[in-house]
Amino acid sequence: MTELKNDRYLRALLRQPVDVTPVWMMRQAGRYLPEYKATRAQAGDFMSLCKNAELACEVTLQPLRRYPLDAAILFSDILTVPDAMGLGLYFEAGEGPRFTSPVTCKADVDKLPIPDPEDELGYVMNAVRTIRRELKGEVPLIGFSGSPWTLATYMVEGGSSKAFTVIKKMMYADPQALHALLDKLAKSVTLYLNAQIKAGAQAVMIFDTWGGVLTGRDYQQFSLYYMHKIVDGLLRENDGRRVPVTLFTKGGGQWLEAMAETGCDALGLDWTTDIADARRRVGNKVALQGNMDPSMLYAPPARIEEEVATILAGFGHGEGHVFNLGHGIHQDVLPEHAGVFVEAVHRLSEQYHR
């Protein structure tokens, strides 16, 4: 494989010295970029874009042509795994993802296959290989998956949810069925991420978008336990380099200590967690990624820079910080404001690495 020219992101995740704080943005390949909208229109629809390796590669690289980002993230969707299990994923205008055959009971769980990453999910691996080739070693490529709990919410609710009553009903009335589903998902995600690593992903991230809707006890049993199983099963070295793993539970700032015990390399923070407090609590065990409020990108450039400076000062001197937003970039943000953000992180962070 090509020598990596910029390994700042990987070094920061492993709490090794860097010259400036590395930065990337969740959903950096997305609808705020006019060029993304053009490519998506060419593909026809969202899943066709995900399933075409050349087009998925194109949208992955688009933000890197605009901004000096320190990592690329595979363009895909967390729902590829449930889709490959045969639940019939489709997108309803204005409603987001839906499944034609949601999981309602243990019998449904028993029928679900564990997808072969090189078969049903082969299009994702083709995209990873294509992107790695086209990156030419400029920056590392991040692979990712949804967490078992987060995937289960979509599979049981039949799509997006605000109250999560359907899955919580299963959790409390039929916990055995939910544990069986989560166990199958943990096995599927482990295979899926390991296949991404073998195909060329140089770091991986597990997105637990909905872990924060659980009580502390339920989070441990129904979300964190299964992420821990995945971390235990991941390839941690490939191509002679360590493959760092980041866990991100949105709304999970109160559980950082428990998350750091999983053996992951880094934790993602949303904007509701104070990064100085997070570093005091777990900074001796894991790197931290985050955590500017994505809505800050609506602010004037001077205010964006001020917020970047505040977060950098909060983390302080030394290693182990990857700058990011606290969740995905919003689709109506001005691309120029994203540029201000990235430039400010590099310029203002230099003093913390001397």
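Placement of Cβ uses the backbone N, Cα and C atoms for every residue, glycine included.
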* Asked: Out of H321, H327, H337, H346, which is the one Swiss-Prot records at the substrate site of R27, Q28, A29, G30, R31, D77, Y154, T209?
  -> H327
* To do: Express in Å, rounded to the nearest integer, the largest CA to CA distance found among the substrate-binding residues R27, Q28, A29, G30, R31, D77, Y154, T209, H327 named in the record.
  => 23
* Asked: Ranking the recorded positions A29, R31, D77, H327 by other Cβ atoms within 10 Å, which is at the bottom?
  -> R31
* Protein Cβ atoms within 10 Å of R27 (substrate binding site), excluding its own -> 18
* To do: Note down the number of other Cβ atoms within 10 Å of the Cβ of Y154 (substrate binding site), including every protein chain shown.
  => 26
